[in-house]
Amino acid sequence: MDSKSRGKSRLNRSILTLVSFFGLVLFYLTWYLYTRGLTGADSPGCRIVYMGPSYARITAFDESHTKFASKYSLYLYREQGRDPLPDENEGFKHLGGIPILFIPGNAGSYRQVRSIAAETSDIYFDHYLDQPDGLNPNAKNYDFFTADFNEDFTAFHGRTLLDQAEYLNEAIKFILGLYANSEHPPRSVVVLGHSMGGVVSRVMVSLPNYIPDSINTIITLASPHAAAPLTFDGDILKIYSAVDRFWFQGYDNKETDNTIAKIAKERLSKISLISITGGLLDSILPADYTTLGYLVPPTNGFTVYTTGIPGVWTPIDHLAIVWCAQLRRRVSNALLEIANFDSPDKTYSLEKRMEIMRKNFLSGFEDYTSQDKVAYDKPADHILLKADSQQINFVQEGQKLKVTPGKMPSPLNVFRLPSPKVSKVQFSLLSSMDIGELKSDNNEGYTQPTLLLCNTMDAIKEDANIIDFTNKETTEIVMFKCIDVRDDSNMIPRSAVGTYSLSESSIGGDKSPFYAIQYNSTILKQYDTVIVTGSLGMESNDNENFLLAELSDYNSSQFNIHEDLFSLMTRGAKFSLPLDKPLSMNIKIPGAWSSILAYKLKVSWPEDRETTEYIPVFRTFIRQWSNEPYEVKWHVNIEANNQVLLNMHGIAPYTPFKVKSKEEYGLNIEIWTDSIPDKSLTTIRLRIDLLNSLRLLVLRYRLATISFCVSIILLALVFQVKHYKETNKFPTFLYGLSCICSPWVFGSILFTLSILTPIMSIKPLQKFLNVIDPVVLQDSNEINLSLTDEFKLNSFFLGLEEKSLWFIGPVFFVMGLGIVSLTFYSLLVAGNVIASISRVLLKRLKLSQTEKKQPNPGKLWANRRIIGVLFVLLVIPIYMPYQFAYVVSCIIQSIQVIKILVADKTNKSILNYHLSLLMLMLWVLPINVPILVVFVHNMTINWTTPFSSHHNFLAILPVILLMERYSNSRTLPKMSQTKYKVTQAFLAYYVFYCLVYGIRHTYWIHHLFNLLCCWLLVLHYDAQDDTSDHVQ
């Protein structure tokens, strides 16, 4: 090697060291930020729960009903002191409630049903048993059934997921049979699924053994509907693809002659599906994966985040979502409200169920909930109101009505609504007390505020039921025809002095929440007057009570920040709010629509604000919101913490999103503030927080670690093979990595990765990549694209829609380079340590020369290897998964490397080659481990049925044969120019596949490695034939 080559080599090594160090620092920083606790609206706030659980196993559900009876079990939950326990003699013949089935998730327990089941029983027996007014008169307690899957790994193994779905369909048939002797036997059950249990519930409906109409309501908790969380198993992806297609066809409005589509329409038409997700606190599953997307229309379901559910207002981690006190209260209330014991389905109609679900799980500010508002329906029951014009306080547009204890401007405060043709207006009301009912028997001294939407009348019949606000001194009468809209009030978190967390006013909190109502012109156009009446109670000692109401111009309450994503990233956004700002203002940020970016908002006030004599009745708070999915977060007491970290779930990698203007996906910030007269919020600054954005990459790109690291190892092999072809010496793996870091190569790689992000979202290119994907070529039903043109799905490379995030690819590559370098050095150190210990042990054994020269030991070992290979190839097709053989192959290769290290004088080329091969095998290993975990788990529970998938011995045969051939420490044979080009072309395609397809089709990385081993075998046998011909 000349001095110029040595200089380049030293430069490459220096760059490699620098880049690897930077990559490891970046990786550590990302992991540190991910494990650091969350604050503000993203901090945990669940309360502890208590219950008295008991479980009765239903032994009658045995092999005569299902072939899975020896593996799975069915239980009935009973709350001690509440639910009657089954009699030993009568068994389950006299069940009197409504059947509901709980499905645990990946490695979940049947006992996880206890929290929601206990709360449902408590609410029913404490509140519903006597059927008081205001509660569902047709409600009945639920009989909670739950499946014991022995903590099966449904996220790892597609066949296991199908087994569970098939078992549960048979379980539902059995459960309904338990009620056969009831006076009104049910024909369906409610399904409650956690994690992968929610996916199982969707699979159930698509199977042949599904009983028509046996499921009509599904509630899922943190269930990955939009995408499979792990892609180590091809069966999982096939199931997702088939089930998604079934559900899409079931709700597709297009006429079709397809038999499966017709079946899907019949089965799904009356099913409601609600997907509840815990948001950012879920450290196991990306919350983006829980969206329903194009699978379920708004008439049949929606996705909602727990941060926006009234009274919950907290993100919830993956396991806590089944026991969180606030959420279980909401879920239990919803279950009891949809119950209709008089119906054969034991629930109300789809329309009423959806209305109940929207009221229980959505914040009430969404346009989607307008259809459920009293003001929207304009009910037939009206309130006729007779008022004294002298007692009316007319509140002008833009003027705030302020009511505090004992201080009511007038018994009747009236907002006159302009014609919608003249101007669009918005009415906002905020109160520390719930909106009360206006009663006809008492028109004085109301202790709760009342809100009415009215139309002015000319006359009222004398015999009509009138609420009269007039007296003997009244000279001018004004008459109104009104509706009471108290049911339209939305519970929101308290934001006052001394309030620092959302949990303080959530369900079970020490402080009372606030209540708000907001109407736009779409609803207000039906009326000409808004009336606020009632006081906050003269006798009230709570001086913190208040009511604020305002009618404002709609346009004055809407602001747009026009900066795009690139502008927000580079310079941020800054703006000031007007002096005459309304009670609530919505700020739309069209450029902020990415799920993998965090945003920092800073609110600043004038310096002299604290010196003013005006005392706000509440502290400024922010409602952060977005639609599809419905995500709301509340940031309270902004004065105490004026810097807010905003995380959102908008357009996310690998999940379908509706094709529409990006502005419609933008983040919305609604600021509620009690304005100081003639003062203004000085500035609001918004910028992208790149540091906190790093933590958002972990869950969404955990599989990218494998694909990027494998691609880097393969790139190193490309340069190693090139050097071997030129010099007939196989260089070290470090040489391959240093070649990657040569300035020209490294720059080219970073440039390529940078342009991959923007071009991979181009639709024609996506269609082409889909066509040439070997997974799609194998099965045309497994597509990487959305099933409908109304939605878009980015499945390739990093799955990004944001062209401004071109740098994410290079960042991952730098991280991967650091991880691969660390892996190599760790492997080398571990190998040398083990080799040194082995050499010492061999010396101490003091083997005699006679023992060393035993006749033909190699032949004996060769025979054993052949027997071992034959045994493995025999058991794989009938019992063991091929992943077991791969793990054994990795162990064999590790031993092979140690043997080479022990033989200190061995040719370095052999060591370098085998060490590089071991690096590749070890990074492919994680793809195979999950299936092996499922296999071992089945063995531990004495599930004697042979493993039902992954028995293709061809998927491992080349690997086994190559390991057997390398038992004598061989290296690559000499290659002709043609074979060299084929080898390099295959390695290049392998790199391409890992980067473009590898994250969502990870399991195919193993199959490509298997093909690589097959090609290496061809090279060896061809070289052997050439040698034989030469000898002859």
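Numbers run from 1 along the shown chain.
Any Cβ shown, glycine's included, is placed from N, Cα and C.
What Swiss-Prot says about this protein:
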CARBOHYD  N12  N-linked glycosylation site
TRANSMEM  15-35  transmembrane segment
ACT_SITE  S195  active site
CARBOHYD  N520  N-linked glycosylation site
CARBOHYD  N555  N-linked glycosylation site
TRANSMEM  703-723  transmembrane segment
TRANSMEM  740-760  transmembrane segment
CARBOHYD  N784  N-linked glycosylation site
TRANSMEM  805-825  transmembrane segment
TRANSMEM  861-880  transmembrane segment
TRANSMEM  884-903  transmembrane segment
CARBOHYD  N907  N-linked glycosylation site
TRANSMEM  916-936  transmembrane segment
CARBOHYD  N938  N-linked glycosylation site
CARBOHYD  N942  N-linked glycosylation site
TRANSMEM  943-963  transmembrane segment
TRANSMEM  985-1005  transmembrane segment
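When the recorded positions N12, S195, N784, N907 are ranked by how far their Cα is from the Cα of N942 (N-linked glycosylation site), S195 comes first. Taking each of the recorded positions N12, S195, N555, N938 in turn and counting other Cβ atoms within 10 Å of its Cβ gives the largest count for S195. Classification of N520 (N-linked glycosylation site) by DSSP places it within a strand. Counting Cβ pairs closer than 8 Å to the transmembrane segment (985-1005), the top stretch among 703-723, 740-760, 805-825, 884-903, 916-936 is 703-723. Of all the glycosylation sites given, namely N520, N784, N942, the one with the smallest number of surrounding CB atoms inside 10 A is N942.
Long-range neighbours of N907 (N-linked glycosylation site) (same chain, six or more residues apart, CB within less than 8 Å of its CB): T971. Contact check: the transmembrane segment (916-936) against the transmembrane segment (703-723) gives at least three Cβ pairs closer than 8 Å, residues 6 or more apart, which meets the contact criterion. Of all the recorded positions listed here (N12, S195, N520, N938), S195 has the Cα closest to the Cα of N784 (N-linked glycosylation site). Comparing CA positions across the recorded positions N12, S195, N555, N938, the one lying closest to N520 (N-linked glycosylation site) turns out to be N555.
Same-chain residues lying 6 or more positions outside the transmembrane segment (740-760) and placing a CB less than 8 Å from one of its CB atoms are 8, 11-13, 15-16, 19, 712, 715-716, 719, 766, 769, 794, 796-800, 802-803, 805-810, 812-813, 817, 995-996. In the three-state DSSP classification, N942 (N-linked glycosylation site) falls within coil. Annotated pair N938 (N-linked glycosylation site) and N555 (N-linked glycosylation site), C-alpha to C-alpha distance, rounded: 63 Å. A separation of roughly 42 Å, to the nearest angstrom, links the Cα atoms of S195 (active site) and N555 (N-linked glycosylation site).
Separating the Cα atoms of N12 (N-linked glycosylation site) and N555 (N-linked glycosylation site) is a whole-number distance of 60 Å.
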